[in-house]
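Structure record follows, encoded as structure tokens.
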Amino acid sequence: MKEQGSGLFLSTRLAVALVGFFGCVTIYSLRSDLNFAIVCMVNDTAINAENGDDEKKSECSNDVTEKDDEDEVEGDLMWSKRQQGYVISSFYWGYIFTQVLGGELSTRFGARIVIGLAVLLSAVATLFCPVAAYANVYVFLCLRVIIGLVQGVIYPAFHTLWSKWAPPLERGLLVSICYAGNQIGVTISMPISAALCKYGFDGGWPSVYYFFGTLGILWSILWFFYVSDSPETHKFIGNSETNYIHSKLGTRQHHSTRKVPWMAMLKSKAFWGLWFGHFAADWGAYMMMSSLPTFLNDVLDLDLNSMGAIAAAPYIAYFLVINIAGYMTDLVRSMNLLSTTTTRKAAMIIAMGGEAGFLVATGYCGCSDKNLIIVFITLGVGLSGFAYAGYVVNYLDIAGELAGPLVGIGNSLTCVAGIAGPIVVGWITGSVTEWRIVFWITGIILVCGTAVFVVFAKGELEPWARNDDDDKQVADSSSEKANFDEKNSYSTELYTKA
């Protein structure tokens with residue numbers, strides 16, 4: 001391969017971020033395929049009749065849209081609303097237990113093998129979801145728990161990977177590009193699931209799991225072929241780029257064997273401030289990701305095609321905001337306009353404050369305000385993308401190459417949001433008034449979590465995370481001047497392509 005310099009454009013580290021981006025698309029598709037497919041899997045008409053209701057009713061059914069019979073897709077599974085809530089949350093029952101393990105495994109064995117195997121195994125398990133669903137609701141639930149267990153190691157491992165690949169003043173951009181795939185995964189899974197539910201083979205909804213399971217297997221092959229744990233072990237990277245990354249990080253390969261200072265981590269105020277912000281952001285993200293199709297179906301009574309397109313819109317906005325926020329915050333830091341700490345806090349205020357305000361406002365919209373509801377949800381979810389330039393990157397700021405284990409702890413704690421949110425929604429009968437309560441709970445959690453983050457968060461490497469070479473990294477992150485326009489480091493074209 002052509003020898004590469006320090007510029008980000010056309011660099012190997014950018015290519016790794018793009019492979020990671022498609023990986024996150026795949027990972028979130030495997031995670032969220034159920035959230036839409038369950039609308040097609042369950043026979044709501046039969047369930048309502050069994051409960052004494054003649055037909056499925058929606059508070060807004062007369063105001064929003066008239067459904068044609070051909071737009072109705074009724075499944076053949078008799079799962080109650082409560083069972084559906086448990087099934088949707090079951091992924092996180094497993095997800096919570098392997099977060100810390102993911103950080104430990106990636107620190108010890110490398111992120112490449114941990115991420116690749118996790119995606120491959122969860123993809124294979126997804127292929128068996130239709131068989132499990134037809135067998136019994138609890139068999140399906142157990143399989144989703146297993147998928148959660150396997151995927152729990154992935155994001156701590158990604159942070160371990162980026163601790164070795166991302167120079168301090170490129171973290172916001174590279175991590176944002178990689179993790180922006182999460183939102184695209186949710187975005188594409190909804191309309192694809194809608195189409196497969198209606199036109200897919202083997203009865204419609206089973207093809208949703210076959211499609212995304214196959215996608216996961218194909219991506220894992222690409223991952224193992226191209227990605228390495230660090231620049232020095234990559235097959236295609238040039239020496240000049242390797243030297244550039246190491247000059248900015250001040251790290252050596254043998255640091256991967258360092259012991260994790262668990263007690264020092266848990267005593268850190270910066271960590272707990274970060275965790276509260278992480279929990280709040282995840283509550284909002286998990287609530288919307290798992291419950292938005294249900295809200296559109298049960299409350300607004302949208303037809304299948306409209307629901308797929310409308311449910312995807314907020315995550316398109318989310319994707320755009322993540323990349324814009326990554327660029328803006330790195331640029332602000334590189335120009336010394338704001339410190340790293342202030343930048344992270346400002347990003348969280350914009351993200352969580354904006355989401356809280358628009359979700360609460362959604363709860364006060366009436367059935368005649370369908371378009372306004374869609375706009376509010378899109379703006380709320382979209383603005384929350386600033387959190388990726390806030391708490392997500394802050395793990396790397398304060399923990400460096402120990403970010404993987406730290407993310408493992410944080411994700412374990414925040415899985416409570418993924419478990420509790422769908423269960424809460426599962427107890428709701430579907431009226432706008434009851435959804436208003438859900439939006440208020442979410443808004444309060446978002447504001448409180450952000451307040452704690454603003455008080456305690458820091459933007460510099462914590463003492464317990466430093467090694468002999470990290471004095472240089474601390475100096476770089478606090479005082480290095482910007483030359484990001486050099487060699488297209490932060491070209492606008494990058495965001496267009498991302």
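Each Cβ is built from the backbone N, Cα and C atoms, and glycine gets one as well.
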Which range of 174-194, 405-425 is transmembrane segment, per TrEMBL: 405-425
Same-chain residues near the transmembrane segment (372-393), Cβ under 8 Å, at least 6 residues beyond its ends: 171-172, 175-176, 179-180, 183, 274, 277-278, 281, 284-285, 288, 292, 300, 310, 313-315, 317-322, 324-326, 328-329, 343-345, 347-348, 350-352, 354-359, 361-362, 365, 453, 457
Tertiary contacts of the transmembrane segment (84-101), as residues 6+ beyond its ends and Cβ separation under 8 Å: 31, 34-35, 38, 42, 137, 140-142, 144-153, 155-156, 286, 290, 405, 407-412, 415-416, 418-427
Long-range environment of the transmembrane segment (405-425) - Cβ separation under 8 angstroms, sequence gap at least 6: 85-86, 88-89, 91-93, 95-97, 99-104, 107, 152, 155-156, 159, 260, 262, 265-266, 271, 274-275, 278-279, 282-283, 286-287, 290-291, 294, 395, 398-399, 438, 441
Non-local residues, at least 6 beyond the ends, that sit with Cβ under 8 Å of the transmembrane segment (309-326): 36, 172-173, 175-177, 179-180, 183-184, 186-188, 190-191, 194, 288, 292-293, 296, 302, 347, 374, 377-386, 388-389, 495, 498
